[in-house]
Amino acid sequence: MARSPVEPPASQPAKRAAWLRAELERANYAYYVLDQPDLPDAEYDRLFVELQRIEAEHPDLVTPDSPTQRVGGEAASGFTPVVHDKPMLSLNNGFADEDVIAFDKRVADGLDKATDLAGTVTEPVEYACELKFDGLAISLRYENGRFVQASTRGDGTTGEDVTENIRTIRAIPLTLKGKRIPRMLDVRGEVLMFKRDFARLNERQRAAGQREFANPRNAAAGSLRQLDSKITASRPLSFFAYGIGVLDGADMPDTHSGLLDWYETLGLPVNRERAVVRGAAGLLAFFHSVGERRESLPYDIDGVVYKVNRRDEQDRLGFVSRAPRFALAHKFPAQEALTKLIAIDVQVGRTGAITPVARLEPVFVGGATVTNATLHNEDEVRRKDIRIGDTVIVRRAGDVIPEVVSAVLDRRPADAQEFVMPTECPECGSRIERLPDEAIARCTGGLFCPAQRKQALWHFAQRRALDIDGLGEKIIDQLVEQNLVRTPADLFNLGFSTLVGLDRFAEKSARNLIDSLEKAKHTTLARFIYALGIRHVGESTAKDLAKHFGSLDPIMDAPIDALLEVNDVGPIVAESIHQFFAEEHNRTVIEQLRARGKVTWPEGPPAPRAPQGVLAGKTVVLTGTLPTLTREAAKEMLEAAGAKVAGSVSKKTDYVVAGADAGSKLAKAEELGIPVLDEAGMHTLLEGHAR
């Protein structure tokens with residue numbers, strides 16, 4: 001990016017402002033992308049202040065991509081969810097050289113690379129190697145070269161809009177440069193804080209009498225999630241681009257290394273510590289080379305990342321679960337320290353898992369002060385022979401989650417105490433049970449336990465469960481934290497005045513949620529069973545239970561032998577179901593749902609008897625929008641009553657159930673003389689099956 005040859009005089013404010021913007025952006029590019037600063041800080045500040053003055057005097061000269069627009073705007077009330085057009089996937093991890101060798105072998109096998117008789121790869125795969133930054137993954141969207149949106153990774157599918165905060169980061173260009181500008185480009189990368197900037201930030205915090213940050217990652221995370229972008233603007237954040245989401249209007253580079261080279265031509269900051277290597281030997285050489293220089297790098301990293309370089313080979317390998325087969329994160333060994341174990345408590349997770357947690361004398365390890373560490377499970381405590389009072393080795397696994405590695409036996413005091421797993425949940429008093437062949441003990445009060453409350457409510461409301469539209473995690477958080485909802489049954493007591501009192505919950509949202517709760521009262525037995533959140537009981541098992549028993553009470557009272565007769569239900573699943581219904585707290589909530597909530601479903605006779613009633617063997621077609629039921633809920637109710645639900649109308653169709661905005665299916669039914677029912681008429685047919 002060349003320096004502007006002619007400096008316009010102050011008497012020409014439009015030209016002067018344009019020149020100042022170009023000069024400041026050129027200086028940013030030289031500093032952050034080229035790492036070759038050529039403008040002293042004082043001179044940069046002088047030009048910046050001059051541009052601010054001109055734009056204040058001539059507001060019509062302000063442009064969206066002006067460097068002055070990075071300083072932050074009004075405080076936001078919250079972060080808006082953003083659904084990623086292309087998921088931001090996580091990577092599989094490797095911790096040892098053997099993991100890398102195995103990864104290379106899997107990749108070579110997947111690409112049908114040549115091997116010798118001993119199985120050694122003789123046609124090495126080409127990889128792109130990069131650093132794994134210890135920061136926050138984000139996605140930047142550019143449209144026609146202009147920055148328009150930034151979002152966090154979130155759960156990989158949905159993140160949060162942090163556009164105004166990202167706009168304040170000088171390393172990120174607001175306008176792309178170069179000739180190959182795409183119509184749309186999602187840049188994936190990492191927001192981080194350099195070590196020198198972190199040290200200066202903590203100096204400022206100390207001088208202001210404010211709390212210091214534990215490490216650069218925490219500082220970056222806290223800065224990026226500020227509701228007031230002015231605070232973010234005051235924090236020294238940086239950025240490196242390393243991946244891509246959506247691309248439209250330009251050709252995708254053939255290689256990953258080519259992508260990063262292209263990014264540099266667009267003015268995006270890309271880390272120079274990268275290489276293209278061949279085979280496992282090349283991967284390990286890069287890893288160990290970086291490891292030797294890790295402490296001298298100007299930023300924190302927790303490993304390196306390997307990616308198959310050729311794009312066509314990446315496509316051939318594809319993905320498994322939520323991670324690509326063509327990439328691996330190779331983590332550095334975690335850092336360790338010695339401290340004293342003061343006590344062992346148990347923690348109840350969102351799914352009821354009981355985890356022993358070590359309470360420690362504070363120790364600084366892996367860049368953070370650690371006072372608690374996981375002991376994983378009861379078996380691990382026994383295997384490692386860890387006792388209260390021991391001196392223990394603490395490790396930050398993956399540099400994030402502290403764990404107790406082992407006890408230092410020659411320092412064990414005479415009064416060291418063995419850990420005993422409690423028999424009752426510390427949160428709700430329900431029984432703690434451990435299934436055969438499982439390492440994790442669990443609280444059995446799934447519908448009642450406060451620690452599991454949010455997870456139970458969230459699962460209960462899922463689309464494949466009772467499908468309560470509008471009951472998202474943030475609303476559940478408020479309902480639980482304000483003690484408005486303790487169990488799923490309490491949802492059906494929520495009133496309009498209660499809902500509109502929630503933070504950022506308008507009248508329309510309240511009415512929609514109440515309508516959704518009303519619709520949720522009419523469900524199917526299979527959906528209801530699935531909604532209970534019984535461990536090991538997914539949609540398929542819930543349907544098998546409903547089909548086998550026909551109604552809920554026989555399932556609740558079934559002994560393990562009877563449960564084992566259900567299709568695909570083995571000993572572990574049967575024991576889990578039996579334990580769930582044996583817990584009186586769960587039975588109480590179920591009765592409240594049936595009585596207070598009036599949740600109903602069509603019931604049928606137990607298998608193997610054929611479905612009875614007017615819909616047995618009948619073919620029904622659904623069309624339009626029903627007043628209280630979703631299409632999926634209506635379909636399941638009809639199928640539970642023995643009907644076959646078809647997607648198109650023909651002479652073999654017995655009934656058409658039509659709602660609002662019914663289209664060609666309704667017209668064809670009328671043409672063929674097929675009986676047309678509304679939702680009320682459908683319920684009339686189902687009366688012989690309803691509770």
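Note: Cβ is positioned from N, Cα and C throughout, glycine not excepted.
Feature annotations, courtesy of Swiss-Prot:
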ACT_SITE  Lys132  active site, N6-AMP-lysine intermediate
BINDING   Asp41, Ala42, Glu43, Tyr44, Asp45, Ser90, Leu91, Glu130, Arg153, Glu190, Lys307, Lys331  NAD(+) binding site
BINDING   Cys425, Cys428, Cys443, Cys449  Zn(2+) binding site
DOMAIN    610-691  domain 'BRCT'
- Message: Rounded to a whole angstrom, what is the C-alpha distance between Cys449 (Zn(2+) binding site) and Arg153 (NAD(+) binding site)?
- Response: 30
- Report, as a single number, how many Cβ atoms besides its own are within 10 Å of the Cβ of Lys132 (active site, N6-AMP-lysine intermediate). 20
- Message: Helix, strand or coil for Glu43 (NAD(+) binding site)? Use DSSP.
- Response: helix
- Over the span of the domain 'BRCT' (610-691), count residues by DSSP class, listing helix, strand and coil in order. 27 helix, 17 strand, 38 coil
- Message: Quick check: which same-chain residues outside Cys425, Cys428, Cys443, Cys449 lie with their CB within 8 A of the centre of the Zn(2+) site CB atoms?
- Response: Val348, Gly352, Pro426, Glu427, Gly429, Ser430, Ile432, Thr444, Gly445, Phe448, Pro450, Ala451, Gln452
- Query: Average pLDDT across the domain 'BRCT' (610-691)?
  - Reply: 83
- Query: From the Cα of Lys132 (active site, N6-AMP-lysine intermediate) across to the Cα of Arg153 (NAD(+) binding site), what is the distance in angstrom?
  - Reply: 15
- Fill in the CA-CA distance, Leu91 (NAD(+) binding site) to Lys132 (active site, N6-AMP-lysine intermediate), as an integer in Å. 11
- Query: What is the number of other Cβ atoms found within 10 Å of the Cβ of Arg153 (NAD(+) binding site)?
  - Reply: 20
- Rounded to the nearest Å, what's the C-alpha distance separating Asp45 (NAD(+) binding site) and Cys425 (Zn(2+) binding site)? Just drop the number here, would you? 60
- Task: For Cys443 (Zn(2+) binding site), identify the closest of the recorded positions Glu43, Lys132, Lys307, judging by Cα separation.
- Result: Lys132
- Message: Please identify, among the recorded positions Glu43, Lys132, Lys307, the one with the smallest Cα-Cα distance to Cys425 (Zn(2+) binding site).
- Response: Lys132
